[in-house]
Structure formats: structure tokens, C-alpha cells
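First comes the structure, then the notes that go with it.
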Amino acid sequence: MMLKKLNATLAMGGATALALSLAAPAYAQDQVELTWLVDNGPSTVDIAEALVAAYEEKNPNVSIELEIRPGGGEGDNIVKTRLATGEMTDIFVYNSGSLLQAIAPQQTLMPLTDQPFMDNVQEAFQSVVSTDGEVFGVPYGAAQGGGILYNSAIYEELGLEVPQTWDAFMENNSAIDEAGYIPVIQTFRESWTSQIFVLADFYNVLQAEPDFAERYTNNEAKYATSEAAQKGFERLAAIHEAGYTNEDFNALGYQEGLEMLANKEGAHYPMITFAIPSLETNYPDQVDDIGFFALPGDDADSNGLTTWMPAGVYVPQTTSNPEVAMDFLGFIASVEGCEAMIDAVGANGPYLIEGCGLPDDVVPAVRDMLPYFEEGRVEPALEFLSPIKGPALEQITVEVGSGFRDPASAAELYDQDVRKQAQQLGLEGW
Amino acid sequence: MAVATAGAVNAPKKSRVKDRQASMYPIWLLYPAAAIYGILFLLPTITSLYYSLTRWTLFNSEFIGFDNFIQFFQEPFLYQALINTVIFAFVTSGLKVVLGLALAVLLTSPLIARDFLRSVVFFPVLVSTVGVGITFTILMHPTEGVINETLAMIGIDGPGWLVDRNLALYSVALVDVWRGVGLATVIYIAGIVSIPADYYEASRIDGATRWQQFRHITLPLVRPAMFTVIILSFIGGLRLFDLIWTMTKGGPGFSSDVMASVVYKQYQSGFYGLSTAGNVVLFVLIAVLAVPLNMFLNRKVVTR
């Protein structure tokens, strides 16, 4: 059904493309139609609609039609298949970092390296959409942090302080448990939510082993043999062993997790900050009680945040009108475009566009995140520093977090999974 | 798809050569169909054998021999899926064979609203599998699902149907039986209806009980239908994907992974060569289990 719909749209897109190539040169006067594939996340669509509206107002001769695709693995398949068959839309949104490498950007995407608007895009983002010296995308939305969303009303009631170390975090959990709240919300029905303790611990891994990412890519560092890297799995297991999770952790999903956090049933929800807009929309009265802190490590002095770069907007080589597509990307990377995004979904993190600041009235969870960026206590997640991310991590972390696999064997299993990915990418030394 | 398989499985094979000689139609009338079959079925099957020996990205492939297969059998969760697949196929086809026969006997006996009941039994077959999967996921929710709430009313603490790793595979199997038993019943009904009424009449005069009639007339003569049901549901069980994927996605962890879901996950992760190798393994598995089963069953068909 979905595919049929897509195909129909595709056929129309193809027809438009044909019509356009016949009337290409004077695009400034002629009506130009572009198609743009975005995933179905609520804020993704909101951002896309806002950008299109703002751009079309400025350029009345251009109309951009959105195509919505599912997210997750299914969306991945659609993007890969359409790129491989040359039937991609004129512009599309896709992950930055290691997943981008899997769609072979040099062979499928138009490089943006020489475009003047790339000067507006902060270096931190450019580095995660580059291969072999060419840059391919502009940032789509704000940078995010991985850590713990917490209910500050519970913290206030129990007189707790934001933990700087893992031990302090566990002490807080113990106090919260005694007070009758759920210390840590887990929602394994949507298995991706189980990965946060491992993925968001990467800042702490880098504090212990600064060259981990490079050695990991070169088949030298392993989760099973690195004490620092294995800690993520150990901590996930420790939370389960201590009985700090909700009882129905295996049956709940992401939205239910947010609901428990907002309704003060649970105190901590390990999550990436992209959940904040959803909290703002669904729980406007409670969102002021939601705060955020980075996943604590061993040492209070080296406390910092693992960050996720936003997705990118890319132009495939098969685009029907590269000039207009590039112009649109330039708009996304401008202060004007950035403000359109903030208007649409609010400011839930730094936007990585030069000159685009955040308004003063951001929600507490975002305010909690900003100092990490301002003080430079941030490192990108491993998936942005290394092209290798094992696809089975979420199943493995579900097993660890449910108590039926021990951390050491999980780390070993994950190393095997990673090997597959590295071999598939044809990396040296695997 | 399923029906086509049934036809192929039961086609008589003995007199084929003779028929061809006697046929009044020229043989080239077969060519268009053969071309379609060759291009759409045989060719992809053969190329997939090649690609299963390669490491394949979207744009090029590198020949790596049997590495994919070695990888497949080394990874604990891939191997687990192989075992799960066989368990699943046996459980679902076993239940469909028994329940389908019971329902068919019931629905061929004189019954009020018999036609209506037949439609009711067949109805789940018509519903989209994905819809069935989503519906049962909601019904089987461990705390808020209708099933466990009903059990709680009579004082039973229901299990976590889909979230208990020892139970998830069997829960999905039960749903598959619910969805597929209608088809088995219809095949059985066709078999039972075609048994001449004379046999029953004669046995009744001889004083046979209902059980004896079932045991000595219905059961032997319904065998061809039974074998069709066994083969269809067994192969269907081996290659099931949609229900597993909508209900558990192979989880929790890897505990309800079957071959088809593993193959899908490998494909989704971009391991095209490895997932093709998985498909070849699935193909061989079905062939190795289903072909001897089919031969064995065909030999046992009673000729009237």
C-alpha cells in the first residue's frame, strides 16, 4: 500500500523531471517543482513544512512537494533502494555519521564542498557528513545530547542533587526507589530505546581512552577488551539487577516512557534529547518539571555530554534541478532557514548554523544541555567518529537490560556484530 | 501463492510424457509461460546463489567464497533462528492438522447455521496478516491486554505472552494457528464432502458407531487432503515472516527470531551478501525438510 503510493508519486516526479529538463535554463521565471523525501517523525515533518513554506514564500516560482517515509530500518531500506535504482527524490533527509557512509555518498550524492553557503555550517557538523574531503549535507534540526531526562519535581521533593558520578546516580536511585517512585524507566518494546546506556556513555569512554574511536575503526580496540567501553553494558545490567526499572519494562514503548516521566511516575528516563519537542507538545503543563543531565561516569571532574549530530539534507546526483535544489539547501543553512525551524519546533538544542542563537525562553531540559556545549564538555557519539556501528546492538542491549545476558558476553557478541559491518564496508585490517 | 504450491505438490506425475505426445497443441505454446517463469523465478534463484558467495554493497560485489555461510553458522543468534524456524513450523502445522480436522468434521455434520459457522472459521484467513499481528499484540499486552485482564478476573496471573523470551515464539505460533486453521478446515471439508455417502450408510447398517465411522472411513479417505494441509502449513511455517515481524520483531532480544526475520534484518543492515546466503540456507532448509516429507506422504495416499 505504502509502496504503491510511493510509486505513484515517483512516477509523477519522473514526469515532472522530464518536463523540467526540457525547460531547464530559465528556472527563475518558470514554475519549478521539486520533491523532498523526509521521514515521518512528527518534528521532522513540522520542520520540513516550515522550511518549504518559508522558501516558497521567498521564491513563488518554486513549489516543493513532501514525500513522507517511515523511520527506522524500514525507512533505511526505502532510501537505499531508491538511491540504488536512481529513483530518489530531488532532495532528501537522511542520517549523518556512520549511516551516511552506508549509502556511498561519493557515488550517489552531489558534493557541496564548493558551495558558498557551507561557510555558515559549523565545522562540528561538516565533519560528520564528509567523506574523502567532500562535504555532502547541511544540518536538519538541532544537535542533541544523550543522557538522562529526569523529573525535577521528584528531585525537589526528595532533596536530591543532579549526580556527577555513577555512584551518586545509584544513590539517588536508591532514595527514589524508597520513596515509591520508579527510579529508571525502560521501554524495551521499542528496542532502540535500550541502547542509551551504552551509546551515551561514549564521552566517558573517550575520557579513559582518547583514541578509542580510531583504534576501534582499525580493528584494534574492542568492547570486550576495553574496560571503559564495557562499562556501558555493565551499568545497564546494574540497573536491572538492582531492580530499579519499572516492572513492565519489556512491554512499554517510547511514548509510554515519556508519559511516565511527565506524570511523575518515574524519575529517570535514559534518552536522547530529541524527545524534548514531543514532551513539549504532549505534556505542556509538565515540561517545566523535566530536566536533563549527561550520563554520569566515574569521575565528577570529567563529566560531560555525548552528542548526536542532526540528520542532514542531501541532494542525490539524479536530482532533476540541481541549481534550485542547491539554492534550497543554502536557505536551510541560513539564519533565515534556522529561524523558520525554531519557529516550527522550538529550540531544543544548538542548530550548528553560524549566527543562529537560541531564544531565552527554552524549556529547562534544553537549558540544562547548553552549558555542556558552551563549556566544551561535549564529544560526538561513536557512530559519528567511526563508520562502524553494529546493527544488532539494540537486541543485545535488550538482553542485557532484561538480565538474560551478562555484560561480558554481550560485549563479545557486539564485537562480532561490529566485525560484520566493518567487513561489509570493506575497511582495512578486518 | 499458497494455492499454487498446493497444485504443484499434488499434480500427478506418472503419465506426463505420454500426455505430451498425445497433445494436439504445439509445444511452443508453453514458451511464453516458460520465459516468464525463467526470468522471474529461475534466473533470480541462480543469481542469488552467486551473490550469496559475495560481499555485496549496492554498487559492487566482491567474491568471498563461503565466508557468508561460515558467518551465518557462527553467529549464535543466527543459529538460534534456524532452530526456532523448525520448532515454529512443527508446532503450527501440527496444530493446524489436528484442529483443522476437528473443525472440518464438526462443520460437515448437520448443524444449525453451518454455512455461517464455516464462514466464521474461514474469516481470519481473509484478514491482513499485519492487521492480525497488531491486533494480537494489543490483546496480548502483559498488563493491559484483554487476554490477561480476562485471566485476572478469574484469578489467574497471565504470562507476558510476547515479552517472555521463553514464550514469545509460541504465542506467535498460536496466533498463526488461529489465522491459518480456516484454510486447513476448508481443505479438509472438501476432502470429507467428496467421500461417497454409501460408505457411511453401509457401515451404519452394520452397526458402526460414530467414532468407528470416523476412524475407519473418514480418516483414511481424507488423507490426500490431510497431506495437502501438512505440506502447506509446514512450508508456510518455515517461511513465515510477517506475523513474527509485526508481533515481536524477533525479540525480546533474539528469542523469537526465525530465518526469515534474520534474513530481513541482515538485509536491512546492508549485509546483502549475508542475507542472500541466509535465503539460500532457508531455501535448502525448506527443500531438505519438505521434499522428503512430500515424497513420504504421497506414497501413503490410499487409492480408492
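If you go along the chain as it appears here, the first residue is 1 and each next one adds 1.
The backbone N, Cα and C atoms fix where each Cβ goes, glycine too.
Annotation source TrEMBL lists transmembrane segment at B:28-51 (among others).
The transmembrane segment annotation in TrEMBL covers B:81-108 (among others). Below 8 angstroms of C-beta separation, residues 114, 117-118, 121, 169-170, 172-173, 176-177, 180-181, 184-185, 187-189, 191-193, 214, 218, 222, 226, 229-230, 233-238, 240, 250, 254, 256-262, 281-282, 285, 289 of the same chain, each at least six residues beyond the ends of the transmembrane segment (B:81-108), sit close to that stretch.
According to TrEMBL, the domain 'ABC transmembrane type-1' annotation covers B:82-293.
Note on the transmembrane segment (B:120-140): residues 103, 107, 146-148, 161-162, 171, 175, 178-183, 185-186, 242-243, 245-247 of its chain, located 6 or more positions outside it, place their CB under 8 angstroms from a CB of the stretch. Sequence annotations record features per position, and here TrEMBL assigns transmembrane segment to B:120-140 (among others).
If one looks beyond the transmembrane segment (B:177-200) by at least 6 residues along the same chain, the residues whose Cβ comes under 8 Å of a Cβ in the stretch are 2, 92, 95-97, 99-101, 103-105, 107-108, 118, 121-125, 127, 129, 132, 213, 217-218, 221-222, 224-226, 228-229, 232-233, 236, 243. Taken from TrEMBL, the feature transmembrane segment covers B:177-200 (among others).
The transmembrane segment annotation in TrEMBL covers B:221-241 (among others).
Per TrEMBL, the feature transmembrane segment maps to B:271-297 (among others).
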Report task. Using a Cβ cut-off of under 8 Å, list the residues of the same chain at least 6 residues beyond the transmembrane segment (B:221-241) that approach it. Result -> 2, 5-6, 9-10, 85-86, 88-93, 96-97, 100-101, 104, 176, 180, 183-184, 187-188, 190-192, 195, 199, 258-261, 264, 282, 285-286, 289-290, 293-294, 297-298, 300-302, 304
